[in-house]
Amino acid sequence: MNARKLFRYLNQEKIVFLLTVLLFVAFSLTLNNFLDGNNILSLIRSVAVLGILGLGMLIVVLGRGIDLSLVATMAISIAWSMQLIHEGMPVYAALTTGLLFALGVALFTGILVAYAEIPPLFATLAMATFVYGFGRAHLIVGTDVVYMPKTMGWIVMLGQGKLFGVPMPIVVAAAMALIVFLFLKFTKVGNFVYAIGDNLAASRIGGIAVRPMLVLQYVLSGGIAFVAGIITATSVEAMNTRIVNSNMIYDVILVVVLGGVGLSGGRGNVRNVIVGTLLIGVLMNGMTIMDIQYTVQNVIKSLILLLAIVVDSIVNPRDEQTGQQGDI
Amino acid sequence: MGKTGLMRLAATALAAFTIGATAAYADDDMNDPYRAPALSALAGKKIAYLPISIGFDLAQAWGGVVKTEAERYGMSFSSQDPNWNTDAMAQGMTALIAEHPDVIVTQNPDMQSLARLLKQANAEGIVVVQLNMQGAVQTDAFVGPDFIAMGEQAANMMLAKCGAETQTSHKVAIVQGVLTGGVSYYQVQGMMKVFNEHPEIQIVSSQAADWDASKARAITETALQQHPDLCGVIDVWDGQGIGTGAAIKQAGKQGQVYFITSGGGAQSMCDGLLDGTYSATINYNAPGMGRDAWTAITTALQNNQGAGVIKTQIYSPTRVMTKDDVQAGTCWDPQQYAKILR
């Protein structure tokens, strides 16, 4: 295989996967206990929530959108649920309320994008600020950290339990990945997501109800955000709404883009998200074992994102069509 | 005048004296000579409260106490919430200085960001009280724990559990907040001072979790994975420590790993002690700090020396608590203070 063929063979997903394997081998050889089964589980577990959010982002990005309100929706919806439980609402009613809030917010975002035709970047950015501001002002009236009520029952197991020795956050993330994979691959609606992301105008001419489809994508991602919230809140035993101010949403974009999902829509699948998430997991776990401070970790992470974007633009050059649509 | 006459005169005189004395006493009671000046030094003054966020338990307790007292003495109280945004806070501070309240009560996000502004406020005659974290400039009062001493205290508590005399691995992990934040930085400085004198203690991990419980959980999980024989963990704040404690619990190491943290003594601290999330805590009592801040305000307004002339460090008393110390009412409810601030 000559160099040109090799280059053509390598797409971003393969490059990132190769990078992950290289890092994995390097860490296994240099760090004590890295290869330990429990460490591998804790490695995957620490990025499980990131992976789940990545799935939500994937669905939106495939349809040529982006959802910057994921983290805000996640934090406020579950924090409000737990606050309602503290105030005496039954657990299931409170969780249903939180879920409906997440879905409602996402529905509204979807309508803004699909019907008001506001660019997703701005619509979701505004929604993130709105959800957080509204939530802090009117829903979560006490401290910005809402502690987990002791009465949550079996739901706590989603964050803390184990299934055949595997921590539940990993099991939930894997199940979600499977569901999203099946949805995108085998359902008609899932295929429409790709079609719309690939060519919106042609999809419309082809008879796809483009606007409701766009709304659906945001609603799905809102629901996924709520699931990620439950996992976070039950494993940490608290939901810190300040997380909205952190750079977590960029980490979500990072795992999606890193894995090779094209931000211009229509390209990518669940495997990409898994590969991207694993790279971040291996990287963060290794750096934590090496006792590298998170500020430095952020620098390293962002350099890798930059590298991935550069490689992406070389391997997948912009063509006239994506140029017209405008990249995000 | 006979004997009875003399007696009558004496009785009358005594009665008159008694009445007179009572009247004089009553007159004194009506005019406590120190109260009126004190009240007038306070009445009508404006207090502006600008912590880095009003959304967390400590800031709610400080502000709640100061607001309650301010209203009692006819002062006006306003608060702003920059919501952890240092830029917004600096803008808020600049606007406040232009508004010229009599007192600014603030909490530095770090050492430098507000230093110049606080100096400027003092220069313009505004009394400035800094809470919890001393900026690079000293103003009328700093109210907060002596974090270096607190770090030393935590380290000494850890020595008792994991030091040379114990049959343990002597391995200790430290979970920091943000690297540049004084609350975290000075505590770690105090700890390291003690640990450096005890070479048997092995610090296996010392990382910052960005005041985020999720990060603290992930860091501690990895530390426990690497060092299953870990003896103790110190976290610099209980709000973040809930994640650290969750990692210890989920690794099945509760009881083996001694976990020390510190905080303002909100209900979550008592809950954490009761369910074993924290082994021991150093409580610096946030409502008590609010009272100290109030004392600093009344002192500065009454001493008539002008803003920034008398400068005092008011270090908060602390109390070590374990499960055994927790009773009903030991900790306070942040909701109660949050309501006052609304």
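Every residue, even glycine, has its Cβ placed from backbone N, Cα and C.
What TrEMBL lists as transmembrane segment is A:15-34 (among others).
Here TrEMBL flags A:40-61 (among others) as transmembrane segment.
As annotated by TrEMBL, transmembrane segment applies to A:91-114 (among others).
What TrEMBL records for A:121-143 (among others) is transmembrane segment.
What TrEMBL lists as transmembrane segment is A:163-184 (among others).
Residues or ranges marked as transmembrane segment in TrEMBL: A:214-236 (among others).
Under 8 Å from some Cβ of the transmembrane segment (A:248-266) lie the Cβ atoms of residues 11-13, 16, 47, 50-51, 53-54, 57-58, 61-66, 68, 70-71, 128, 194-199, 272-277, 279-280, 301, 304-305, 308-309, 312, 316, 318, 322, 325, 327-328, all in the same chain and six or more residues away from its ends. Per TrEMBL, the feature transmembrane segment maps to A:248-266 (among others).
Summarising the annotation, TrEMBL assigns transmembrane segment to A:273-290 (among others).
Below 8 A, the CB atoms of the transmembrane segment (A:40-61) and the transmembrane segment (A:121-143) form no more than two pairs separated by six or more positions in the chain, fewer than 3 in all.
Of the two recorded stretches, the transmembrane segment (A:273-290) does not lie close to the transmembrane segment (A:121-143), with fewer than three CB pairs under 8 Å once pairs fewer than 6 apart in sequence are set aside.
For the transmembrane segment (A:214-236), the neighbouring stretch richest in Cβ pairs under 8 Å, chosen from A:15-34, A:91-114, A:121-143, A:163-184, is A:91-114. Residues 65, 67, 69, 73-74, 76-78, 80-82, 84-85, 120, 123-124, 127, 131, 149, 151-153, 155, 210-223, 225-226, 229-230 of the same chain sit 6 or more residues outside the transmembrane segment (A:91-114) yet have a Cβ under 8 Å from a Cβ within it. Remote same-chain residues near the transmembrane segment (A:121-143) are listed as 65-69, 71-73, 75-76, 79-80, 83, 105, 108-109, 112-113, 241, 244, 249, 328 (criterion: CB distance under 8 Å, separation of at least six residues from the stretch ends).
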